[in-house]
Amino acid sequence: MMAERTGVVRDEQTGELILPATQRPDGTWRKPRRVKDGYIPQEEVPVYETKGTQWAKGKPDYPIGLNPNDIEKLRIAKNKDTGKVPENVLSKAAKKNAKRKEKRKQTQNISSTSSIENSKQRDAPIRTENLEAPSSDVITKDVISKKIKSLKKKLRQIEDLEEKIKSGILKNPEKEQLEKLERKKEILDEIEDLELELDD
């Protein structure tokens, strides 16, 4: 057998291309397989790129027409680990802006440390003695009023259903709709009881 390309070999006896046996991650072995002429192993297949990606890769990093010396200076500045651009590359305005940024950072650091100290002083333990939890009466009244609201909604739906049946819009009501109509009196009684309970 002689090697054709990475991973693929040609059998000297038969002349066929063969992909030799390979070991799986779990330790078992794959059998050697015959492949057609022109076979390209998966690792060697070029990654597909859209036209947009190709265009973006071919796009220059710097504006067209920029002096080559300036491009070289900017590349050097970009490659520096510190991230600071050397003074000789920057224009006068850029130098001023850099100084302003430095001053801003310093003032922010000073103000942040002072605000932390102030917040520590303000964050004294809060006394919860005077804070009262809402009474159970308020909670139950709230629950009752919500229940009344939902029952009234059901009642409106039943009345709408009755209107549709009377007007002839709904000729053949379903079993569930008829059951809903039968519950009308029960809902009215429940609303009445809850309203009395709310008044007490």
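Keep in mind that glycine also has a Cβ here, set from the backbone N, Cα and C atoms.
Because the structure is a prediction, the values reported are computed rather than measured.
Noted in TrEMBL for the protein shown:
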- 1-37: region 'Disordered' (REGION)
- 15-41: domain 'WIBG Mago-binding' (DOMAIN)
- 78-135: region 'Disordered' (REGION)
- 93-106: compositional bias 'Basic residues' (COMPBIAS)
- 107-118: compositional bias 'Polar residues' (COMPBIAS)
- 119-130: compositional bias 'Basic and acidic residues' (COMPBIAS)
- 141-197: coiled coil (COILED)
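Secondary structure counts, DSSP: the domain 'WIBG Mago-binding' (15-41) has 0 helix, 8 strand, 19 coil. Mean predicted confidence for the domain 'WIBG Mago-binding' (15-41): the pLDDT average there is 85. Residue counts for the compositional bias 'Basic residues' (93-106) under DSSP, helix first, then strand, then coil, are 14 helix, 0 strand, 0 coil.
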